[in-house]
Structures are given as C-alpha cells and as structure tokens.
Amino acid sequence: MALEAWFMDESNEDQRLPHHRKPKELVSLNHLAELGVLYWHLNPNNYENDKELQKIREARGYNCMDLLDLCPEKVTNYEEKLRNFYTEHIHADEEILYCLEGSGYFDVRDKDDQWIKAGDLIILRAGIYHRFTLDTSNSVKLMRLFLGEPVWTAYNRPQDDHPARKEYIKDLTGKLGVPLEAH
C-alpha cells in the first residue's frame with residue numbers, strides 16, 4: 001500500500017481519526033518533498049535484511065536505531081505519552097520513523113500552516129513543525145533511526161528562534177522564491 005497524504009480539516013474530534021476535508025484533498029509526494037518530508041514504502045516484514053533500508057541508512061549516516069512498541073498494554077502512562085507526541089514540535093535533527101506494524105499518522109505543517117497527514121517510512125527535515133498520533137487501532141511498532149547515540153529532544157511550538165527552524169524557513173523560502181512567515 002502506498003502513502004496517502006491529505007490536507008486535514010479543522011475538527012477537534014478524536015486525533016486518531018483521519019480528519020479528511022470534504023471533499024478530500026490529497027497531497028502529492030512532490031509537495032511533501034518540497035516541505036522537507038521524504039517518503040519510502042518498504043517491506044516491514046524483512047526490515048532486518050532490507051537492502052533499500054540499508055541504503056537509506058548508509059546515505060544519511062544513520063547507524064543507530066531503536067524500536068518503539070506503542071499500545072496501552074506495553075507503555076506506562078500511555079495517554080500522557082500520546083499527548084506529548086501529539087503536541088506540535090520540531091527537532092534539531094531529522095526525524096526518521098519507519099512503521100513496522102500497526103498504523104498511525106504524522107501531521108506536518110505546510111508553508112501555509114495547514115496540517116497534512118502522512119505515514120510509512122518518512123524523514124522529516126529538522127525544523128518542520130509536526131506531531132504524531134496512532135489511529136483507532138491504538139497500536140503501532142516504529143523503528144527510529146539516529147546519527148550516533150539516540151537523542152530525541154522535542155521543542156514545542158513556538159520555536160521561531162530555534163536555529164533548525166530558522167534554517168528550515170530559509171531553505172523553504174529559497175525553494176519557493178517567496179518570503180514566508182516563521183509558522
């Protein structure tokens with residue numbers, strides 16, 4: 001199954017729902033790439049030996065990884081952790097997550113500050129506002145990839161003065177050729 005990404009509605013309903021606009025507005029992989037979101041659809045059944053995953057890790061220098069198994073039965077303070085993941089934030093480094101089992105949503109902000117949902121193996125560029133939630137299955141197993149030791153510090157919005165956010169806005173402005181507010 002290939003990635004499907006879409007613009008989200010403004011509903012405050014359960015965050016685990018897809019939140020499609022009516023009519024549904026899909027977002028292309030090219031649009032995601034312009035925002036600094038890269039995507040691969042890999043076979044999670046053989047991730048230990050996946051040559052494409054190995055190429056991605058080598059090309060980006062990601063030599064460390066860990067696994068997150070998120071479900072109420074396996075995570076202490078599950079609801080609190082989900083609230084933390086769903087709080088809009090940035091990271092100083094890329095975030096690489098690979099969904100091995102189950103499903104969830106990454107929400108990323110576009111240049112107009114609209115939310116887009118995406119999934120599978122994605123790389124979120126440093127400085128892009130995003131959040132994560134599980135879907136209604138309430139279970140997901142994720143692989144996180146790191147440069148060196150695992151460090152995953154989230155900087156909650158607003159972070160307009162964070163160096164990673166400034167660099168992201170500068171690069172996005174250069175690609176699109178128009179000034180952007182520091183959303």
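Heads up, residue numbers simply count up from 1 along the chain you see.
Note: Cβ is positioned from N, Cα and C throughout, glycine not excepted.
Annotation source TrEMBL lists Fe(2+) binding site at His89, His91, Glu95, His130. As annotated by TrEMBL, Ni(2+) binding site applies to His89, His91, Glu95, His130.
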Residues close to Ni(2+) site centre defined by His89, His91, Glu95, His130, Cβ within 8 Å:
Ile90, Leu124, Ile128, Tyr129, Arg131, Ala154
Taking the binding-site residues one at a time (His89, His130), which has its Cβ surrounded by the most other Cβ atoms within 10 Å?
His130
Taking the Cβ of His91 (Fe(2+) binding site) as centre, how many other Cβ atoms lie within 10 Å?
20
Neighbour count (Cβ, 10 Å) for Glu95 (Fe(2+) binding site):
21
